[in-house]
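Q: Starting off with a structure, shown below.
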Amino acid sequence: MGKNVVVLGTQWGDEGKGKIVDLLTEQAKYVVRYQGGHNAGHTLVIDGEKTVLHLIPSGILRDNVKCIIGNGVVVAPDALMKEINMLKGRGVPVEERLLISEACPLILPFHCALDIAREKARGNQAIGTTGRGIGPAYEDKVSRRGLRIGDLFNAELFATKLQEVMKYHNFMLTEYYKVEAVDYQQTLDDALAIADYLKSMCTDVSEMLDVARKAGEPILFEGAQGTLLDIDHGTYPFVTSSNTTAGGVATGSGFGPRHLDYVLGIMKAYTTRVGAGPFPTELANEIGDYIGEKGQEFGATTGRKRRPGWLDAVAMRRAVQINSVSGFCLTKLDVLDGLKEVKICVGYQYADGTVSKVTPLAAEGYDLVTPIYETMPGWSETTFGATTIEQLPPAAINYIKRLEELLETPIDIISTGPDRNETMILVNPFK
């Protein structure tokens, strides 16, 4: 029987999931997105050519791989079409490889307008959303007024539903946020214009995955964002609007949780965060600047500068706990090359001297803690492009071993550069 593997981020996103998914899809027959939307940014570098995907699964560049967008993903038709056209322009036969659940909620222009208006109204309390309508679209889903891809296939009914929901949202835009209303007719026309095209790619995702599983075909589930941004388990309210954890696979694709064989947690050798929110190990100094510049830490979706910091083992233990991580992939180890010392956060200390090895459950709790660091020797030698453990300097190996001890979880894959071949697979998740 084939294995079913989940690849997800264990930090605040931007861990390097896209490259690892692309690498592992060589062994998969299906690659499935199960949450998030085009707020994700997965960067692939193949033979020096860079491709950034926001909505379509990273396996789309592989022959003989079916890419699936599950029901847990919110889909902006314009963003989807832009990505499809970009890939087709590069000669990728998207229609032959991509399948979509018709239960996916739609992101429409009024969702984006609401997202932007809310962030502006929050002022200094802004969450740091991408402004792409993700949160408002999930709100509509939960409130049971949302429109789904399947609604597009009945034009008359879609028009009626759209009119009702737009009355509600345009009232909020004009009367509360004091901004312009979104045009109903334009929204309707634009959505219906691609209905037939989308219909040709729609399928019953849960049924398809069940058939594939029973046939022994390996399936890879591609997470977006990261564990610490999970709507329930992240640094609330500075979180995304979906379940970014392994539990999201079942709800976002209809694949039974008992059939998952391996959870691969992607973890950078340091930590970054983009946008607002607590970050105990943040480095607002020269070392942080060094890491940020060397790691080219700019958001793939927004281009915003990411906030760098030391690796937080306390937060990573929480990620292991929530996701039942089988093994880690450590990425961007080479970014730490040249540092005299590297630090790992091993605990949090409160003002009264109390030490905790557990993360707070809400964002406010992080204001009360100071990170406790364990300092290790750095290394001057390069790790860039290393493909065997023996090629790594002893100090880098010790750093890896210490992380395994602290997290009580093996590091099964190590990434030492952006390209596919700059990777060492110590344990193959599919074997």
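Indices start at 1 and increase along the chain as displayed.
Cβ atoms are placed via backbone N, Cα and C, with glycine included.
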Q: Return the residue out of Arg90, Arg304, Arg317, Arg318 that Swiss-Prot annotates for the same IMP site as Asp14, Glu15, Gly16, Lys17, Asn39, Ala40, Gly41, His42, Thr130, Arg144, Gln225, Thr240.
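A: Looking through Arg90, Arg304, Arg317, Arg318, the residue Swiss-Prot assigns to the IMP site is Arg304.
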Q: Let me know how many other Cβ atoms fall within 10 Å of the Cβ of Gly303 (substrate binding site).
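A: Within a 10 Å radius of the Cβ of Gly303 (substrate binding site) lie 9 other Cβ atoms.
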Q: Spatially, which candidate from the binding-site residues Gly13, Gly16, Lys19, Arg306 is nearest to Gln225 (IMP binding site), comparing Cα atoms?
A: Gly13
Q: Check the DSSP secondary structure of Lys19 (GTP binding site), expressed as helix, strand or coil.
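A: Assignment for Lys19 (GTP binding site) reads helix.
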Q: Going along the chain, which residues six or more apart from Gly13 (GTP binding site) have their CB under 8 A from its CB?
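A: Result: Ala40, Ala224, Gln225, Gly226, Leu229, Val274.
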Q: Around His42 (active site, proton donor), which of the listed binding-site residues (Asp14, Gly16, Thr416) come within 10 Å, judging by Cα atoms?
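A: So the list is Asp14, Gly16.
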Q: Looking at the binding-site residues Gly16, Lys19, Asn39, Gly41, which ones sit with their CA no more than 10 Å from the CA of Arg306 (substrate binding site)?
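A: Qualifying among Gly16, Lys19, Asn39, Gly41: none.
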Q: Of Asn39, Thr43, Thr130, Thr416, the binding-site residues given in the record, which has the fewest other CB atoms within 10 A of its CB?
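A: Minimum Cβ neighbour count within 10 Å, taken over the binding-site residues Asn39, Thr43, Thr130, Thr416, occurs at Thr43.
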